């Protein structure tokens with residue numbers, strides 16, 4: 001029996017990357033500022049038809065980059081649910097007894113439509129970061145945003161007080177989570193450096209810009 005347990009443990013260790021099981025070292029405990037590295041050794045980069053912008057966008061970025069069509073879909077879904085209840089109410093022509101839908105159910109329907117519409121709009125916006133939908137507008141917005149952040153001397157992916165290994169765990173939990181909203185709504189609220197794209201060019205361009213502007217020697 002002990003041999004069987006040892007073999008099982010060994011096979012599991014071979015199946016999963018050792019980095020996921022090793023405890024954090026002193027080097028992993030380091031800085032609160034984000035590093036310029038953006039690709040985790042265990043990160044999966046999905047196939048994409050359009051340019052990849054971010055494999056795990058922060059909640060604020062997904063909301064900020066929403067298009068008017070996303071907001072229209074959100075609004076339409078919010079109005080559709082109580083609208084369907086009202087249409088059902090009108091079409092229910094039982095001659096014996098016709099009971100109208102109570103107002104509180106319209107309120108509940110509006111709330112469900114609001115939540116469902118938000119999740120749909122969020123998913124549409126997140127798909128553009130992954131390059132699964134046309135994202136020319138988002139490319140321009142991200143370029144302008146990252147250029148401004150780099151020139152100001154701040155880390156592009158933001159700063160975090162969390163330990164690097166916790167950032168990695170948060171990233172693994174939130175990446176592609178918008179594809180499983182039907183199971184549980186899950187969002188990325190953590191600043192971390194794992195986004196599947198290289199942003200070093202923005203730091204290099206910012207350095208040249210500061211030198212040309214006389215800000216930096």
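Even glycines carry a Cβ here, placed using N, Cα and C.
Cross-referencing 1-41, 42-82 with TrEMBL places the feature region 'Disordered' at 1-41. The DSSP breakdown of the domain 'NADH-ubiquinone oxidoreductase 21kDa subunit N-terminal' (48-134), given as helix, strand and coil counts, is 57 helix, 0 strand, 30 coil.
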